[in-house]
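Below is one structure, written out as structure tokens; the observations come after it.
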Amino acid sequence: MKKLKVSLPQQPYPIYLKKGLLEEIPNRFKEKYPSKRLALITDENVEKLYGRKLEEELKSNGFKTQLISIPPGEQSKSIRTLEEIYEKLLDFQITRGDILLTLGGGVVGDVGGMAAATYLRGIPLIHIPTSLLAQIDSSIGGKVAINLPRGKNLIGSFYHPQEVYIDPQLLTTLDKRYFRDGLAEIIKYGCIKDKELFHQLLAFPNEEQLFQNIEDIIYTCCKIKSHIVEKDEKDAEERMLLNFGHTLGHAIEKYFHYEKFTHGEAVALGMYNITKKSEEQCITQKGTAEGIKQLLKKYHLPHKMPKIDREDLIKTIGLDKKNRGQYINIVLLEKLGNGFIQKFSPEEIERMVFIEKD
Ligand SMILES: NC(=O)c1ccc[n+]([C@@H]2O[C@H](COP(=O)([O-])OP(=O)(O)OC[C@H]3O[C@@H](n4cnc5c(N)ncnc54)[C@H](O)[C@@H]3O)[C@@H](O)[C@H]2O)c1
Ligand SMILES: O=C(O)C(=O)C[C@@H](O)[C@H](O)[C@H](O)COP(=O)(O)O
Ligand SMILES: [Zn+2]
């Protein structure tokens, strides 16, 4: 078992990483949380694969549990789904002395975490991430959110879990498209902080070989994210680096109504196209964009900007949470492995997001 820690002064929490960890959870909880009642939030896919079995085993270990299953996919990051979760938590009469467990990908973690952060003004939360993206990104750092039609993650909070349990074994059932979603965020870490990781991803002959090394890759990503969150929990500066590719990426997701592109695909588009632009403006070292393009193509992630109404794009970018006053903060690369935050005026941003056809 590998263990990391997010050492936040008010609420440090452990991250456990081990193949087969899911099966150990009922016994671990029996020792750690004997009298707690557990609400288990998952989605309909993960419920069938893992949720029902986990609930049964928790029950046979004496826990009173309530399984709450939401439709899979981005559309569940909505006020309507959140309200449905609230109603079920109310029926279950969960209290602040109990635990809300999320078992799923980033969508379950975000909307389930939002419920934990707000129901009764806060219920203790534990994440059991089941997608690659959730294991290397969304289950750590405390960002929880839902979308509005006009913008991504516009409603949310910083609400950290008490613990995170990562079982890479669960990735064996993950659809390739969503495995690649997680790869986009791993590529992001390589771009902003770790060029060795970037080159390692390039060096794997194929996804199968990469998967052989997934536990070490997950550990590396969790370490990078934990370190950044410890330095800047609330996105004041350094943590914005984790948003590389997201200014354009979130605008793309929203423009296509959170349907056409997954989050990882949109972030891939954002990372490449903003770097192409910043290279053209001699902000980024020549050749960086081409390197990103090669890696995205290797793992079947998109790089060609879809046709988007410019006004809509500019308007959505104007809502980005990294903005401060009239200025828009965008994460750029000086070179591979070295991200930084650049401030743009609204006029300057027009030049940055006018994307010619590739
Ligand atoms: N809070 C954060 O810090 C943070 C970080 C990154 C991304 N996110 C958010 O995460 C979301 C994307 O997360 P995602 O890529 O996990 O998408 P997701 O939660 O929609 O999961 C993708 C699909 O895989 C299925 N699935 C999940 N685990 C599975 C498994 N083990 N086996 C088989 N199927 C499985 C799900 O049912 C779903 O159909 C976006 O909303 C993004 O904004 C949040
Ligand atoms: O944890 C962070 O900080 C991130 O930016 C991680 C991102 O990968 C993730 O998509 C996050 O939800 C985006 O944050 P937001 O503040 O732009 O909603
Ligand atoms: Zn992301």
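For all residues, glycine too, the Cβ spot is worked out from N, Cα and C.
Please treat TrEMBL annotations as automatic predictions, because they have not gone through curation.
Cross-referencing Glu185, Glu196, Glu311 with the Zn(2+) binding residues that TrEMBL gives (His246, His263) picks out Glu185. Listed in sequence order, the residues of the same chain lying 6 or more apart from Lys152 (NAD(+) binding site) and placing their CB within less than 8 Å of its CB are His250, Glu253, Lys254, Tyr258. Residue environment of Gly106 (NAD(+) binding site) contains 30 other Cβ atoms, counted within 10 Å of its Cβ in all protein chains. The DSSP secondary structure for Lys152 (NAD(+) binding site) is strand.
For His263 (Zn(2+) binding site), the number of other Cβ atoms no farther than 10 Å from its own Cβ, over all displayed protein chains, is 27.
Counting only the Cα atoms, the space from Glu185 (Zn(2+) binding site) to Gly106 (NAD(+) binding site) is about 12 angstrom. Rounded to a whole number, the distance between the Cα atoms of His263 (Zn(2+) binding site) and Val108 (NAD(+) binding site) is 14 Å.
Cα-Cα distance from His263 (Zn(2+) binding site) to Gly106 (NAD(+) binding site): 10 Å (rounded to the nearest whole number).
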